[in-house]
Amino acid sequence: MSSSTSARTDDPPAVVLTGITKRFPGVVANSDVHLTVRRGEVHALCGENGAGKSTLMKILYGMQPPDEGTIEVNGEQVRFRTPSDAIKAGIGMVHQHFMLADNLTVQENVVLGAEALHGIGKKARARIIELSGRTGLNVDPGVLVEQLGVADRQRVEILKVLYRGAKVIILDEPTAVLVPQEVNELFDTVRGMQEQGYTFLFISHKLDEVRAIADSVTVIRRGTTVGSADPKTVSSRQLAEMMVGSELPSPETRESTVTDTVVLDVKGLKLMTPDGTRPILDDVDMVVRSGEVVGIAGVEGNGQTELVETIMGMRKAGSGTITLQDKDLTKLGTLARREAGIGYIPEDRHRHGLLLTQPLWYNRILGYQTRKPTAKGIWLDTDGAKKDTERIVTEFDVRTPGIDVPAAALSGGNQQKLVVGRELSGDPVLLIASHPTRGVDVGAQALIWDEIKRARAAGLAVLLISADLDELIGLSDTIKVMLRGRLVADADPNTVTPEDLGSAMTGAGSTSAAVQETAVVEEGEN
Amino acid sequence: MGHLRGKLLPPALAIVFSLLLCGVALIISGANPLSAFGAMVTQVGKGTTFVDILNSTGIYYVAALAVAIGFQMNLFNIGVEGQYRVAAVVAAVVGGSIALPTGIHTLVIIIVAAIAGAAWAAIPAILKVTRGVNEVISTIMMNGLAIGLSAYLIRRDVFGELRGNNIRTAEIPESGWMPGISFGGSGTMFGFIFVAIALGIGYWIMMNKTRFGFELRASGESSTAASAGGVNSKKMVLVAMLLSGAIAGLISLPELLGRDHTFSLNFTAGIGFSGIAIALLGRNHPGGIAFGALLWAFLDKSGLALDNVGVPREIVTIMQGSIVLSVVVAYEVVRRFELASEQRRVGRELGTVGGAA
């Protein structure tokens, strides 16, 4: 131990959370959480999706008051009512989803809401340039945020909290939006800032990243802290078992079940932005066969959402054809496409998958309002819907006291199991699964993977979109990389690594034999 | 049980609250609230008041149903007012100018009124679907146009005729009337009330048992989820608006077919706006709307008695306004409370941390 480290340990810790409890209706919140972050360290908070990490950070950042427990910052007990109280105490938070105004400049975004500190003119600009260096942001403060890439936007977010005087910086799942190369750059930035005395609270569920960057790790499971570990000595496996409390599920599919029967055939699909200036989908050609899982990899915002919504008929394609089992869907509406045999797990189950205040059996009807067992002609078959909902609840292990509770009362994982169960009903020939396990617990994730695998083995064609590259590689028979609205490369899931995929996703070009470029991408306007 | 409580508690709270509010208003204005409320209640048994209340209830009920259909999918048809006015004048003109056998004549007038109401509602519907024009704005403007159009149609050089100092359309021959139930000195109940009851039953069946009702409710709950579930949102806007307009077209028929037999300057205006309030009060539920319509009609008709005890009868308007305002607040408060308690219950039964931990 160096003397500087021991000097640090004499100081009071930067942040101490003691006995934090937060109750929320129906979802896992926090119960008796203890967390100590020493000054100048990178402290990782690990846990599965839904374990309560984000709630804890919201409490620390003053967005929600704890029901019980105390917060100490630099040895003094504090009580945050709003985020501005937390900011005053030197705590800053970089949210998982960026909170930037695209149509403002970097400087305007940083200064917005903190005009009192250095005004909005030259003084502010000088301060921003001074701080930019620490975050590795090498752009002029006058540049519009919409012209920045994802990594630079994240730096602007960090810059925002530095500008407000933060000494302790919470990074909420900072790598979720980054490709592996950008993750490394972020880590370099974090290490550099750590040397300048900043403290980081790094929230993640990606164990390799945690072990690469953290000085200490606290694991949270089902809302409570289950222990701490030294990332230098602990293995990923041990950490994972702390996180899930059991064996890890694996998305891997074993033997191929791909057949020659083409189920979905997309040809020359084009979609323009509403103003008609820029293509969102540019000449997309794709085939999904019976028993095949085709995975689409891509950084979010490169057209995956639009591709799915165009195939579902929720957006109208500019040109191109969509064929399902020799049936031309191009001119049909969403309902007719569903009736033709498409099941659809939407990426946002709250917005697109469920009627939250309605009972579970009522949700069973959504998308099936013209078909057995939930409808007979123009009449609803409520008995049939209820019976079939009971079946889904049993088969898909939806944890609920009954089928009459509103969908909003279930936890995220159980809501998703209901959606998956519904979309696999009625013998679909094609399943479109957009981020099927996003924000669900490990148990639900394993079940959803199993169900997709089982349906695939029974001949279902699956189009899988996921930001979780492990899920994508594990489940897919074929991977296609999407960049700026085009399918630019094919990858072999048996040999490709997440790093190779990440490089292809950013358009850096092929770095491995496992990724084969299928289209040349002209450089964008950046 | 909890379900029923969530439905009945808010209106009860709202009514009590508005009674208190009006009581305070009465005391401030120097009147005795108890004698005022007492006068209103005893008025029900006097003269034709009871039958008047029933007749009014029927009219309000149809108006609120028309509004409720739009509300079910978050479509604010403020234009019920204009739709029933246009429908009334068109139905009166058509009814007064054709000769048909008894019964069929009445039926034709009803159908014409529904079509006219739907046609008037079709304009804002088409504007919304094709150009994205907000239906609130367009229907309000259509209300203004409806007043102008109806005034034009009853001009003497168009379809009107002068009777005394009143301008009106030609009288509908007796074959086109709808007979009522006479209570002698206590007045005559409109026969159309039975049509209103049938409409309420039909509305309940449509909302709860049919695919259309499901799609309507799904669109209202979450337009994004509905569209992912294959509900064509444009079609729903169009159909809901036309249906709402068609029912709005029937609002004036109890009076037209049962009492006036003509459209004149004495036309009863403002029912469309009351319908909005009643639909809110009744939570778009056919039973709730019936209760709301009855309450509204009671306040309207019994309020006339207030003049006798020296209280301005505008106090009724205060009461109606405060009921609607407080019922909207009360429903929202109770809704949130119920959802939270439901989530707690689910959490408790499943033993997750979020429950009673």
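Cβ atoms are placed via backbone N, Cα and C, with glycine included.
Residues or ranges marked as transmembrane segment by TrEMBL: B:12-31 (among others).
Positions annotated as transmembrane segment by TrEMBL: B:58-77 (among others). Sequence-distant contacts of the transmembrane segment (B:58-77) (same chain, six or more residues past either end, CB-CB distance under 8 Å): 83-84, 117, 121, 135-136, 139, 190, 192-193, 196, 199-200, 203, 207, 216-217, 219-220, 223, 236-237, 240-241, 243-245, 247-248, 250-252, 254-255, 268, 271-272, 274-276, 278-280, 282, 284, 286, 289-290, 292-293, 296-297.
For B:84-101 (among others), the entry in TrEMBL reads transmembrane segment. Beyond the ends of the transmembrane segment (B:84-101), by six or more residues, the same chain brings 63, 66, 108-110, 112-114, 116-117, 120, 146-147, 149-150, 153-154, 159, 169-173, 175-176, 248-253, 256, 262-263, 267, 269, 271-272 to within a C-beta distance below 8 angstroms of the stretch.
The transmembrane segment annotation in TrEMBL covers B:107-127 (among others).
Feature annotation from TrEMBL assigns transmembrane segment to B:136-154 (among others).
What TrEMBL records for B:183-206 (among others) is transmembrane segment.
Positions annotated as transmembrane segment by TrEMBL: B:237-257 (among others).
Through the fold, the transmembrane segment (B:263-282) approaches residues 11, 14, 59-68, 71, 78-85, 88-89, 91-93, 143, 150, 154, 163, 166-169, 248, 251-252, 255-256, 288-293, 295-296, 320, 323-324, 327-328 of its own chain, all at least 6 residues removed from its boundaries and within a Cβ separation under 8 Å. Marked as transmembrane segment by TrEMBL: B:263-282 (among others).
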Query raised in the report: So which residues does the transmembrane segment (B:183-206) touch in its own chain, when a touch means Cβ under 8 Å and the partner is 6 or more beyond its ends?
Result: 47-48, 50-52, 54-55, 57-59, 61-62, 65, 68-69, 110, 212-213, 247, 250, 253-255, 257-259, 286, 289-290
Query raised in the report: Cβ under 8 Å to the transmembrane segment (B:107-127), counting only same-chain residues 6 or more beyond its ends: which ones?
Result: 66, 77, 79, 82-84, 86-88, 90-91, 94-95, 98, 100, 133, 135, 138-139, 142, 146, 172, 176, 195, 237-238, 241-250, 252-253, 256-257
